[in-house]
Amino acid sequence: MNNIPEVIRTIPLDYYLFFSAALFVIGVIGVLTRRNAIVIFMCIELMLNAVNLLLTALSAYRADASAQVFVFFIMAVAAAEVCVGLAIIVMTYRNIRSTDVQLLNYLKW
Amino acid sequence: MQEIVMPINNQSMALLCLFVPLLPLAGFIINGLGNRSIAKGLVSLIGSGTVLASFLITVYLFIDFQANGSRAYTVDFYDWISVGSLQIGFSFLIDQLTLLMMLMVTGIGFLIHLYSAGYMSHDENFGKFFAFINLFMFSMLLLVMGSNYVMMFVGWEGVGLCSYLLIGFWNKNTSYNNAAKKAFVMNRIGDLGFLLGIFLIFITFGSVSYPQVFAEAANYTGGIDSTVMIAITLLLFVGAMGKSAQIPLFTWLPDAMAGPTPVSALIHAATMVTAGIYMVLRSNVLYVLAPTTLEVIAIVGVATAVLAATIGLAQNDIKKVLAYSTVSQLGYMFLALGVMAFSSSIFHVLTHAFFKALLFLGAGSVIHAMSNEQDIRSMGGLRKYLPITFLTFLIGTLAISGIPPFAGFFSKDELLAHVWEHSKVLWALGMLASFMTSFYMFRLVFLTFFGTFRGTEAQKSHLHESPISMTLPLIVLAILSTVGGFLGIPAVFGEGNHILQNYLAPIYGYAQVANAPAVAPLHLDHATEWMLMGLSVAVAAIAAIIAYVMYVSKKTVPVPEGERLSPIHNLIYHKYYIDELYDTVIVRPLMWLSTTFHRVLDVLVVDGIVNGFGKLTTYSSRTLRYAQSGAIGFYLMVMVFSIVLILFLNFFIG
């Protein structure tokens, strides 16, 4: 079995770049347009993973392992963030019986 | 040649000098702090006792001074202000003039304190009164004892403050408070001149200490009548104008009669108002270097003397008459200074202090007996009820009118003889004022003490001679007014018998060096002197006779308030409308200017800028807060677009 960097390199780098960019833009548009907090949350995960993918691809092409260290960090942080974020969403739902972010506009003048 | 003034190195003498002003200060502190908690008897004991002690120390200092060959000395305590080349010590200068003033201030001061103990006995703020009057003694002593202009200025301000406090002593009466404010503000105008004069002295001579300034001035190379000298002396004279109530700053003094009568006697007749004369006399070396200023002083003095005397003719308030008389007599003193009759001026200060204090205290005794009635139209016939007051008041009147052998005759005669020598016109005006002085004083006596009683029945039943603490000062002052004149016997009665002139001669030492002809002694031939003397007595006697005919034989009584007067009488009665004139020419435009400045500069410009910043902040915040809508989606969108924009900019520009 070939090692993983070689498998990654079987696909040209440009493809990864375009794919990551597409994923990231989908995430951004999702965050901006959706009103459901959970969907927004998932879109954020999408953006994080787009970055992860990009980092992994570049790591393989450049034979530099330090990018992968970032990936691990991002995964750990994302897990922690999900923990807290979902808890907040649950609490919000319990209070206003909804997960619609448009309703959460109390913090204003 | 003037000998140099040396600091004294005798510790106990220095301490004694220090005690003279410090004792009244202690009295002020004790009586001031214990205002209502100290018994009245103790208050008057502390108040008068401290002043008596000061007087006794002064007498001792005087005797010691005479015994040690009349050598002036300074008493240095510590360096008070020391900045660069400016060295001001807290020190006293003890010389002939200082001792004379100290004796006068503490001596008359003590008598008036004694009198106050009786006069003010019914007042609830007895302690406050004694505290203030003691503070006045302290300030006045500082004024005359200080050995530099700055210390004099401190005393000068101190007496001004005490004058303010005591004029407005009955501060529940608004018009009294206004009189106090008027006195204070008018004095401030003069003080500004004095202060500028001190600055100019420091710039010119590099010092403000008397011995140094006078020694420098004696060797002044700028010549007689240099611009600087005229400026210095005129500025100092502006200060004297304010304090000694000369034209144009005299209108505060008659209003100052709002204060208790002992205050009028002590501050507004005998001591404080003569501070201006003391100051000019102290700076005599500077003044002989500026004859032009002296000419101005003489003219202002004689104008004040005549103007105030005419106003005095028609006043009906017993204290107002005396107040205008004081202004008029102060005018005489300045006239004497103006013609360089320095000794005559201080001689008149001294005799005036005796008889004017006597007259005021006598008036106080009358007011006391009349249950606070001050209008002479309601008096009359008081001779029978107040025999001691009447007799002493009469002596005071004879003294001020210049009838021999009372004190006023000698001083006024000598003064006018000097004026005769200087200018016949000024002399004639002086004689005119003298005539009027005699007239209004006798008018006062005749209306008050002769004829029949014109007051109410209630007042009549209450008439009584004042207590011993009030009559004793009257008697002492009456004796002084009688014999005080013998300090300066004219040359006709024996050359060199002028005790005061011989005594004061050393203080003109520097002036001798600076401008010898100016301070040459007076030499009139005896015939002229006899003639002048005869004339002044005749003028006074004629005025007295006219007053007698008018107010005793014909029993004329000044018309009541509101009745029509002849135009001239009306003009005089209303004091030439000078207060109204000042009000129109100075006060109102100033008020208008202040209001305008307040409206334009203060409210529009200054407040406009400050409030403008506040308003700008509020307005922009109010506008910007709409951006904070609370919609998270909007925030995110703004964020994303901003990041995209930054990236684009970075891409194309960076």
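Just so it is clear, glycine is given a Cβ too, placed from its N, Cα and C backbone atoms.
Automatic, uncurated: that is what TrEMBL annotation is.
The domain 'NADH-Ubiquinone oxidoreductase (complex I) chain 5 N-terminal' annotation in TrEMBL covers B:80-130. Residues or ranges marked as domain 'NADH:quinone oxidoreductase/Mrp antiporter transmembrane' by TrEMBL: B:148-437. The transmembrane segment annotation in TrEMBL covers B:42-63, B:129-147, B:153-171, B:192-210, B:222-242, B:263-281, B:293-314, B:321-340, B:388-407, B:471-493, B:530-551, B:632-653 (among others).
Counted with DSSP, the domain 'NADH-Ubiquinone oxidoreductase (complex I) chain 5 N-terminal' (B:80-130) comes out as 29 helix, 13 strand, 9 coil. Looking only at the domain 'NADH-Ubiquinone oxidoreductase (complex I) chain 5 N-terminal' (B:80-130), the predicted model's pLDDT averages out at 90.
Outside the transmembrane segment (B:42-63) by six or more residues, the chain places 13, 16-17, 19-21, 23-24, 26-27, 30-31, 34, 94, 99, 102-103, 106-107, 109-110, 113-114, 116-117, 126-127, 130-131, 133-134, 137, 141 with a CB less than 8 A from a CB of the stretch. For the transmembrane segment (B:129-147), same-chain residues at least 6 beyond its ends with a Cβ under 8 Å from one of its own Cβ atoms are 17, 20-22, 24-25, 27-28, 31-32, 35, 43-44, 46-47, 50-51, 54, 74-75, 89, 91-94, 98, 101-102, 105-106, 109, 112-113, 116, 120, 123, 154-159, 161-163, 165-166, 169, 209-211, 260, 262-263, 266-267, 271-272, 275, 278.
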